[in-house]
Every structure is written in C-alpha cells, then in structure tokens.
Amino acid sequence: MNFDSLLSEINGFGKFQIQLVLIQALSRVSLPCHFLLNNFMAAVPDHHCNVLDDGGLFGNLTQEQKLSLGIPAETDGTPSSCLMFTKPQYEHLAGFNSSDEAFTVQCQNGWAYDNSTYKSTLATEWDLVCSRKGMNKATATIFFIGVMLGAPLFGFLSDRFGRRPLLLVSYLGTIIFAVLSAFSSSYVMFTIMRFLTGMALAGISIISISLNIEWFGIEHRTFSGVIISLDWTIGNILLVGIAYFIKDWRMLILAVTSPLILAVIAWRWLPESARWLLANGKADAAHYYITQCAKTNDRTKVMATVTPADFLQSAQVENRENKYSIVDLFKTPNIRKLSICLGIVWYGVAFTYYGISLNITGFGLDPYLTQFIFALIEMPMKIVVYFYLEKIGRRSGEVGALLLTGLCLFINLFVAQDKWIVRTVVAVLGKSLSEASFTIVFLYTTELFPTVVRQNGLGFTSFIARLGVSISPLIMLLEDVWHLLPAVTYCAVAVGSGLVASLLPETLNTCLPECIEDIEKPR
C-alpha cells in the first residue's frame, strides 16, 4: 500500500485536513496584505511645491491665488507637482497668464500634500516624489527581492529539516521584522527591514501550500489547491478594509501583521508532512501523524494492522541518507526541462499579476474601490478554475489563463484614458484571469515536483517569480519613455510564458511523484 492509497483509506479530505487548512489560513491571509501593501503604504497623494510667503504679502490671498503666484499650471489646469516659479508671478492676480521672468525650477522648499485620502504614506514621510519617485517604487522591489532570496532558502531548509519547524521560524521572523519596519526612523532602515520581512514571508508562502497539498488525497487535490488559494482572496479583501480605516502607514503595517500572532499560537496543533517524514526515512514519526489523521477522521480501524515498518517498505523513495538540494533540479534531463519551463511560467505569472495588482490608479476610480473590485472578482474566478481543473486539466488551464490575460492587456492599449468604465472592466477581467493563472500554477507545481525535492522546486520557482515581481513595479517607470511601454511589456511576457506552459505535462488524476526516478522513468 503506497501513501496515496493509505491516505484515501483514512479519508484524504476529512476533519484533519479541514483543521489543517484553517490553521494555515491564519498566516496565509497576511500574505496578500504584505505583498500588496504598497498600494496604500506607498501611495502618492496629490502634491505641489511648498510655496513660502513672500515677506508676509500672501496673508490676504486665497490658497488658489497663492498657488497661481508660485506654481505653474499643467495643461489640465492643475498645479504642477514638481515645478515652481523662481519669483512670485503677481501679474497672475490681474489676469495675465505669462511673464518674461516666469522661469521655473524644481521644488526648493519641500512639498505640500493632499491628506484627504491618506494621513501618512512613505511618499509623504520622506518626500519620495518627483525626482525621488524611483525610491518609492524601489521599496516594493526591495521587499520582493527579500521574498525572492527567502524562497530558495526556506525551500532548502524545509526539505532538510521539515515543514513544521520552518513555518514557525517564518512566523516569528515576519512579526519581528514587520514591527521593526513600522518603527523605522529612516528610509534606509525601513528598506532593510522590509527586505528581511520579505525573506521571512517567503517561508509562509511556499511551505504552507506544500504542507496542505501533501496531506490531501488524489481525488481532493484540485479542491484543496483552490480552497487554499481562497486565503489570498480573503486577505486581499481584508487589506482593503484595514487600509480604509487605518490611514497611517506605520499602524497599517502593524495591523496587517497581527494575524500572525494567532498563527504562532495555533502552530502547536500543526502536523508535520507525513510524506516528507517517509521520504526521509522517519517512519515512526510518519506513523504517529497518520494515526492522528485517521483518529480525527474516524478511520482508526484502517491503522490497526499498519506498522512503521510497513511504511518504510511501501515508501518508494531513495536512500534516506541522500540529501537533496536545488542542484538536483537540473541534474537529469526530464526534471531539468521541467524546472526551466516552470521557472519561465512562474516569472510570467508573477510579473503580470503584480504589474496589474500594483497599478490600481489610472482607472478613474477611488483606489480603495479599485482594490476591492480586484479582490472581489477573484472569488467567482476561482470557482470557475476549480471546475475547469477538475474536468479538463491543469496545462490547458494555465496556458489559457496566461494568453487571455495578455489579450486583455492588449485590448486596453487601444482604449482611451477617458473611457474609464471600459478600461476598468477589461482590467478587472485581466486581473481575474491573472489570478486564475496564479491559482493553477501553485497546484500544478506541487504536483509536478517529486516529494524529495518539492520544497526545493517551489523555492526555485518562487525565486524566479519574485525576480519578476521585483522588476514589475519598476516597469511603470518606462512610461516616461513611452506611455504604452509598460502595458506592452506586461502583455508580451504574459503571452510568452503562456506558450511555454504548453510544454509541461498534464497531472490531472495522477499520483504525486515521490522521487526523481518517478520523473525520469515514470512507473
């Protein structure tokens, strides 16, 4: 009896698995809160140069008159965000619109910000606007570089030491570094703490999904993958609610991190992966957790005649002394092709998803409403994804989701900015398809990589994905070169990665591979 058969006997989707999903949900809801936090924490409110009073002469002027004296107007009539006059233009009070001495310079005395939407953001805290706007975008990039480096690190460590202990390390690390980032006294300190927060969060991201999938039976694996991804949707909606009521960026960080305190408390009831224990020759520990699963699911009779020795014989794995690393993903032909293709697909999925998700302005809607719509559309899309994966398969789903995402991005290239309803509808559809590709690729990847290197595989693909995410926010700076260049880039990457996904094998209704030989010489 192999592990999948035994898991089916003791119920591969019972009370034990539901308990596992609920415990993990406490930590997983914090992932989108941190990953999309820059939409609110680093928001740039309307701003203009700070105009100082010219010897007390501005005292009786209205705010509009003061701005007309000191700040040039844009083509749409709004005050310039980054320029000011070298000298007050008093002739503007008399209705004259030009002057021979109307020279402009960059803001000399700081900026004045519109605090009606946000009380405090990174941009207002350290004046990350105009010539320093790249530093604001860089905060997201630095955070995702931390996630990128943390993914292979936690993947390697959890394959070596187990899923459960490394999850606790991730929980505690995230709490500590998030709190320190909230109390940062300088931009440099903040970026360092966000980098370390990203590293710690990477562990939660990749270990939790693998631990869940490894405890579900074959017939329930698709359902489990979609159910687990709902944590992201719930967290996304939670972020909108928290950000709407907490307008200060420091308190916002503390608020979105708070669910991890409950996750630390609930960790004591979290089981280790029995698959990982068997793959590493720990038959006694595996027997203990499988017995716990059978007891919780009211299937104790099945375990009456099963001993740890039976597990060790049935576990079709290599020598227990063999230690695996990320290098094993590239040693043999089939798994090498698999790793390279999955890396490209993950890059495209993440690059496109965050390119859409981190650009909630520009649709003519309130940013909170845009984020809420983006989050809400994920729920019905995941229901569609479940039935598609269950009936048709993973490969065509991944390919279709990426190609259709690219199509939505392509359509919006030709929709005028003033037609914000059409732009929003197409963008929301593209966002939902992009989320579908993310939901599928997580499940797909756990099914493709064998147990002995599954966490290393997830670590590698997550590393590549976060490389894409790190670059994604900076792509928006290309609009200074050509205003359509960012959208063209996102579109091309989505289509290219969708074509690469067509090279992957189908995994619908197949057993999880346990060792590398299962990939190279399928039984």
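Easy rule for this one: first residue shown is 1, then count along the chain.
Glycine too: its Cβ is placed from the backbone N, Cα and C atoms.
TrEMBL annotations:
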type	residues	note
DOMAIN	87-508	domain 'Major facilitator superfamily (MFS) profile'
TRANSMEM	138-157	transmembrane segment
TRANSMEM	169-189	transmembrane segment
TRANSMEM	195-213	transmembrane segment
TRANSMEM	225-246	transmembrane segment
TRANSMEM	252-270	transmembrane segment
TRANSMEM	338-356	transmembrane segment
TRANSMEM	368-389	transmembrane segment
TRANSMEM	396-415	transmembrane segment
TRANSMEM	421-445	transmembrane segment
TRANSMEM	457-478	transmembrane segment
TRANSMEM	484-504	transmembrane segment
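Under the criterion of 3 or more C-beta pairs below 8 Å, with sequence separation of 6 or more, the transmembrane segment (457-478) and the transmembrane segment (396-415) do not qualify as touching, having fewer than 3 such pairs. Contact count against the transmembrane segment (138-157) (Cβ pairs under 8 Å) is highest for 195-213, out of 169-189, 195-213, 338-356, 368-389, 396-415.
Counting residues 6+ beyond its ends, the transmembrane segment (368-389) has Cβ neighbours under 8 Å at 36, 39-40, 222-223, 225-226, 229-230, 232-233, 236-237, 239-240, 243-244, 356-357, 360-361, 397, 424, 428-429, 431-433, 435-436, 439-440, 443, 508 in the same chain. Mean predicted confidence for the domain 'Major facilitator superfamily (MFS) profile' (87-508): the pLDDT average there is 85. Between the transmembrane segment (252-270) and the transmembrane segment (169-189), the number of CB pairs under 8 angstroms, six or more residues apart, is three or more, so the stretches are in contact. The transmembrane segment (421-445) is not in contact with the transmembrane segment (169-189), judged by fewer than 3 CB-CB distances under 8 Å for residue pairs 6 or more apart in sequence. Most Cβ pairs within less than 8 Å of the transmembrane segment (195-213), among stretches 169-189, 225-246, 338-356, 396-415, belong to 169-189.
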